[in-house]
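**Q** Quick one: the structure is below, questions incoming.
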Amino acid sequence: MLNQQDRQGNETGRPLYLGIDFGTSGARYALIDKQGAIHAEGKRTYPAAVGQTTNWASSWREALFQLLGDIPPVHRSSISSISIDGTSSTTLIIDRNNGELLAGPFLYNESFPDALPMVSSIAPANHTVCSGSSTLCKLVSWWNKNCSNGSNDSAILMHQSDWLLWLLHGEYGVCDYNNTLKVGYDPEIGSYPSWLMSQPYSHMLPSSVRAPGVPIGPIKEDVRSQYGFSNDCVVCTGTTDSIAAFLAARTTDAGKAVTSLGSTLAIKLVSRVRVEDARFGVYSHRLDDQWLVGGASNSGGVVLRQLFSDDQLVTLSKDIDPSSPSPLDYYPLPKSGERFPVSDPDMEPRLEPRPDSDAEYLHGILESMARIEASGYKLLKELGATPVEEVFTAGGGAQNEKWTAIRERVLGVPVRKAEQTEAAYGAALLALRGATTG
């Protein structure tokens, strides 16, 4: 399904920068100029049948080229650079001899517990790869099942955004240091650690790991000519979708943070210090010469939607006094439980007792979620991260002004809505970086 909007013309021929976001249910593009103004944007939803693993890669490829074709022709010759973000830890195994898909895609949320003992035996304690859904666990699981009798020298690992960018530039082995974090790359030393390079599958790792938004090379001639892009159009390294969404907020000072209030509650904080602890699902991405520390709770919009309709949330919120703390103490979680154990040692859903007033009930839930958020930032500080000073909000929850006021009171720092929240916009900013600094 196509959804597209052309904001303004580009009669002056000024350079434009294209970012494309590949999310869990669809892909979106944003086309910006040097000042960050959006000239065009659009999205494509994936066909319903892509729930079958074997259809994902073809669906992504189809969506990519559909989006390129959706860009208004008047803009295409002005596009100077392109970058793409994808879901973290979504992994493909490719044959470097012919580009054919050997295995996967293994999606971001697929877990491979069979590989976890081996990974945990070689990685440092509490390392971010020590999770069944990490990229490294996916690689090791595939290797153990397919290469036990000998090495496959032509097999290479690609992340989702690597592969999509490869379709545009054709060069194998290029990745960014955000995507490679969960396969074991150390962005602090700028290389893979020795414990990883000593493994028999190390040749499958991306060989050229660069900063996000760095030029890789020109767009392939057949793609350039088919879509009418500029002869000078370059393809730049990408990043993960969550990093792209953070970049869209355009805040990179230490102490600044972005909380995403979508189906779940995710926090990301710019820190001068790198902190990681797999016990809490906390890890740091490199952000130029600083660190982007993050974690996520399963609490969030998925719980609210189980209890209230969108109309009810709007109506009931009007009756909430955000300056008055709610006496209700909940732990709003789906049945799957928690992945960010910061507020409750039992990590069990708790939504009782329910008062007679639905507005009071909603107030208690929103306040409890704010306490989870505050506990998350408190944990990051205890682990050594820069203390939070200001929070920007992304996601659907950013629209609820009463919740924003509650969160500001509970967090004790200024809280405001981010002007831009789309990951595609963040990817476009990476394309801009590549064109202007490469």
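Each Cβ is built from the backbone N, Cα and C atoms, and glycine gets one as well.
Nobody curates TrEMBL annotations by hand; they come from automatic prediction.
According to TrEMBL, the compositional bias 'Low complexity' annotation covers 322-335. Annotation source TrEMBL lists compositional bias 'Basic and acidic residues' at 347-356. For 16-247, the entry in TrEMBL reads domain 'Carbohydrate kinase FGGY N-terminal'. The domain 'Carbohydrate kinase FGGY C-terminal' annotation in TrEMBL covers 285-433. For 319-356, the entry in TrEMBL reads region 'Disordered'.
I'd like these features described in context: how deep, what's nearby, how far apart.
**A** Secondary structure counts, DSSP: the compositional bias 'Low complexity' (322-335) has 0 helix, 1 strand, 13 coil.
According to DSSP, the secondary structure content of the domain 'Carbohydrate kinase FGGY C-terminal' (285-433) in residues is 66 helix, 21 strand, 62 coil.
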**Q** Take the domain 'Carbohydrate kinase FGGY N-terminal' (16-247) and average the pLDDT across it for me.
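**A** It averages 92.
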